[in-house]
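Visitor: Just dropping this structure here.
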Amino acid sequence: MISFSSFYQQIADSNLQHWLETLPSILGKWQRDHKHGNLPKWEKVLNKLHYPAPDQVDFVDSVTVGSGEQLSPGEKEKLENLLRLFMPWRKGPFHIHGIHIDTEWRSDWKWDRVKQHISPLKNRTVLDVGCGSGYHMWRMLGSGAKRVVGIDPSPLFLCQFEAVKRLAGTHHPVHLLPLGIEELPPLDAFDTVFSMGVLYHRRSPIDHLLQLRDQLRTGGELVLETLVIDGDENAVLVPQDRYGKMNNVWFIPSVAALMLWLKKCDFTDIRCVDTDVTALAEQRRTDWMPNESLVEYLDPNDITKTVEGYPAPKRATIIAVKNQPNQDLIS
């Protein structure tokens, strides 16, 4: 069974220690709720990942574990077969002992767009909301973060993350907790909070922004990346049914509307640092994710539109700072 005890020990003497009042019971319930289904099968695979400590790691320019020279061809083949049992791999890429996990998303491209605009992460405590399998968490560690905590309720993402961590070394201060943000108390503790690719999946985007705000210390930085449309501060797309074949997309605002929402939630120093139309080369079917991908979500006769006729995915990155508490929002 995946254990979270080392995380509990690490935060016991930190500004996250009050989280220990509720976290163990919440994670215990999650484990009980998932003792059937795929999780036990994936945990058995994790228990087979017994490999020597890597001769090198790189989290600065990539997520690379091992040089590729440590394992024999047979050992490498066995490892690749084990890692393929965690398919589909969506966020990456990862380079593990010479094995290239070519994920659906080129998450390194997103990181390259974001990293130049954020406050330096050196010695910061970071929260990554909706972290997936943890690719960006490793890059945050490579940027000097003191501790990185990711939350995502998916059992598969947790096991993919655990696989990489067990191969990279469990001593790294990077932790994935299978939680949704609604399960977090107001921690007011993180120096930087990332929410990338989450907002449009939330039924109440304003509540999501307030939940993100509750995790930041005063003066902490929010890095928000989400789908946007063109238009003024009143422009918000509410898909009738699906958007890009996704049935869990609720609100897609314009950049101006999103900045107004953040202002209403009492963020300050709000600025849009990047907008980018998602390229077919950034999200695509691969050998490690053989299902439908972006090209199938777009109109085959006009890739500027989704199959439903909406504008094709365009993403913006907004950075904002948590202001002093507003009693009206708290109440």
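Even glycines carry a Cβ here, placed using N, Cα and C.
Annotation source Swiss-Prot lists carboxy-S-adenosyl-L-methionine binding site at Lys91, Trp105, Lys110, Gly130, Asp152, Pro153, Ser154, Ile181, Glu182, Met196, Tyr200, Arg315, citing sequence analysis.
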Visitor: Check the DSSP secondary structure of Tyr200 (carboxy-S-adenosyl-L-methionine binding site), expressed as helix, strand or coil.
Guide: helix
Visitor: Note down the number of other Cβ atoms within 10 Å of the Cβ of Asp152 (carboxy-S-adenosyl-L-methionine binding site), including every protein chain shown.
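Guide: By my count, 23.
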Visitor: If you count Cβ atoms within 10 Å of the Cβ of Tyr200 (carboxy-S-adenosyl-L-methionine binding site), leaving out that atom itself, what do you get?
Guide: 22
Visitor: For the carboxy-S-adenosyl-L-methionine binding residues given in the record (Lys91, Trp105, Lys110, Gly130, Asp152, Pro153, Ser154, Ile181, Glu182, Met196, Tyr200, Arg315), what is the largest pairwise C-alpha separation in angstrom?
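Guide: Across Lys91, Trp105, Lys110, Gly130, Asp152, Pro153, Ser154, Ile181, Glu182, Met196, Tyr200, Arg315, the widest Cα separation comes out at 26 Å.
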Visitor: Within 10 Å of the Cβ of Glu182 (carboxy-S-adenosyl-L-methionine binding site), how many other Cβ atoms can you find? Include all protein chains, please.
Guide: 10
